[in-house]
Amino acid sequence: MANYDVIIIGGGPGGYVCAIRCAQLGLKTACIEGRGALGGTCLNVGCMPSKALLHASHQLHEAETNFAKMGLKGKSPSVDWKQMLAYKDEVVEGNTKGIEFLFKKNKVDWIQGWGTIPGAGKVKVGDEVHEAKNIIIATGSEPASLPGVEVDENVVVTSTGALELNKIPKKLVVIGAGVIGLELGSVYSRLGAEVTVIEYLDVVTPGMDGEVQKTFQRILKKQGLNFIMGAAVQKTEATKTKAKVTYKLRKDDSEHTIDADTVLVATGRKPYTDGLGLDALGVEMTKRGQINVGADWQTNVPGIYAIGDVIEGPMLAHKAEDEGMAVAEQVAGKHGHVNYGVIPGVIYTAPEVANVGATEEILKEQGHNYKVGKFMFMGNGRAKANFAAEGFVKILADKDTDRILGAHIIGPAAGDLIHEICVAMEFGASAEDLALTCHAHPTYSEAVREAALACGDGPIHS
Ligand code: NAI
């Protein structure tokens, strides 16, 4: 008799959600997590703490730029960095404790420690071996290293160190204009740092819709971020308080250097599978170091499953959560499913950036017969009233059937607005379905409706 029906290794958004759903489906469940707190990278050193700092720094920016215009006069607030970090830590603690509560409520056992899999059906934590009919690996990812760049989490930091800096740097160099680089670059720029982003490609946030990339970079430049594009970072040389970054411009191979108080390395993440014993078990991996799984998230070793950042697909907390719920249903004998065509992506800068489905570039590449409906937030009354009228909603729909194929938003509350389009896409809706849906006035969501109208006879307010 196994001790458990399911043991999940990893207590991040993939693992803890999976554990709760397994327990709800009547399976005796344990979740192994060695960090000392549940919630994984996302809650402890990723999504949640960065959102706290984004929120706080955005409030400061609002006070500095818009309060006086609204008749709110007086001295702008100054930054108490220690208190801001304390607020961030409180946000993290509240959330991680919340998961502990949910585990107790759902009778999920939290086994504290790092798990290895000595054989199918067995998980070892410390000296103890636990048995389970099913093992689900949800061990997430870690920052990818960059040759020539040594991270000390003091002067040269990953996103983890960037959330714990001793002080706000005067000069911050960010390597990589991806999601992490631009979110944290925005935070420190708003807090007064001179921020320079060095990016290998000629565009920011690779893979996003081209029009959004251009608008996003333009807005960030206007906010004060500097960009060195088409530049490959060669090395960093750090002392205890400063660093020099050497990069090569791709267009002419010329070498340059830039000084910084802090360097943030944000050049991607890689699956974290160290110490699990996957080699000895013969678990198949992909060429990119991910665990290879089938449509039911099962590896080639029966009874061992994997979800989240350790497998293929976007490294997003909500993708991992969806897989966690779906694999729980699979092991409970149900039919868990994830629609990988409708997974939103959000960048929590101000304005926010959000997307779902195909980009225009992908549709062109596929030779798809599509149409574009676009609406600028300048035509949205609520956005104008709130000093948030930069950006647009862009909906891509099939030219013949009008079915929505993708959507790209840069603007206020984009990360929330995208979900009405996600729901529409889940239901196979046409742009007309959205356009015919009454949207309350005055809301940002009217911009989504107007973009849908733009796929047909045209928007009203532009
Ligand atoms: P990323 O993959 O989003 O961006 C990395 C960037 O670094 C790319 O633009 C790449 O071209 C550039 N780069 C690589 N090597 C370079 C070099 N030598 N010199 C200059 N530039 C170089 O990676 P990032 O931002 O580190 O994020 C990691 C993962 O975490 C992503 O999968 C992301 O989706 C996820 N994440 C998601 C968040 C969200 O959904 N809001 C927030 C934070 C992270």
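Yeah, the Cβs are placed from backbone N, Cα and C, and that goes for glycine too.
Residues or ranges marked as domain 'FAD/NAD(P)-binding' in TrEMBL: 4-324.
The Cβ of C42 (disulfide bond) has 24 neighbouring Cβ atoms from other residues within 10 Å, across all protein chains displayed. The feature disulfide bond is assigned by TrEMBL to C42-C47.
Within 10 Å of the C-beta of A317 (FAD binding site) we count 22 further C-beta atoms, all protein chains included. DSSP gives A317 (FAD binding site) a helix state. The FAD binding site annotation in TrEMBL covers K51, G115, T139, G140, S141, D309, M315, L316, A317, H318.
DSSP assigns I180 (NAD(+) binding site) to a helix in the three-state reduction. In the structure as shown, the Cβ atom of I180 (NAD(+) binding site) sits within 10 Å of 23 other Cβ atoms. The annotation NAD(+) binding site is assigned in TrEMBL to G176, A177, G178, V179, I180, G181, L182, E183, E199, G268.
In the predicted model, the domain 'Pyridine nucleotide-disulphide oxidoreductase dimerisation' (343-452) has a mean pLDDT of 98. The domain 'Pyridine nucleotide-disulphide oxidoreductase dimerisation' feature in TrEMBL is assigned to 343-452.
The DSSP secondary structure for H441 (active site, proton acceptor) is coil. Marked as active site, proton acceptor by TrEMBL: H441.
Under 6 Å, Cβ to nearest atom of ligand 1: this is the test, and of the recorded positions C42, G176, L182 it is passed by G176. Candidate recorded positions: K51, T139, M315, H441. Nearest to G176 (NAD(+) binding site) by Cα distance: M315. A distance of 28 Å separates the Cα atom of K51 (FAD binding site) from that of H441 (active site, proton acceptor). In terms of local Cβ density within 10 Å, K51 ranks first among the recorded positions K51, H441. Among the recorded positions C42, S141, L182, M315, the residue whose Cα lies closest in space to that of H441 (active site, proton acceptor) is L182. Pairwise Cα distances among G176, A177, G178, V179, I180, G181, L182, E183, E199, G268, the recorded NAD(+)-binding residues, top out at 14 Å.
The separation of C42 (disulfide bond) from S141 (FAD binding site), Cα to Cα, is 10 Å.
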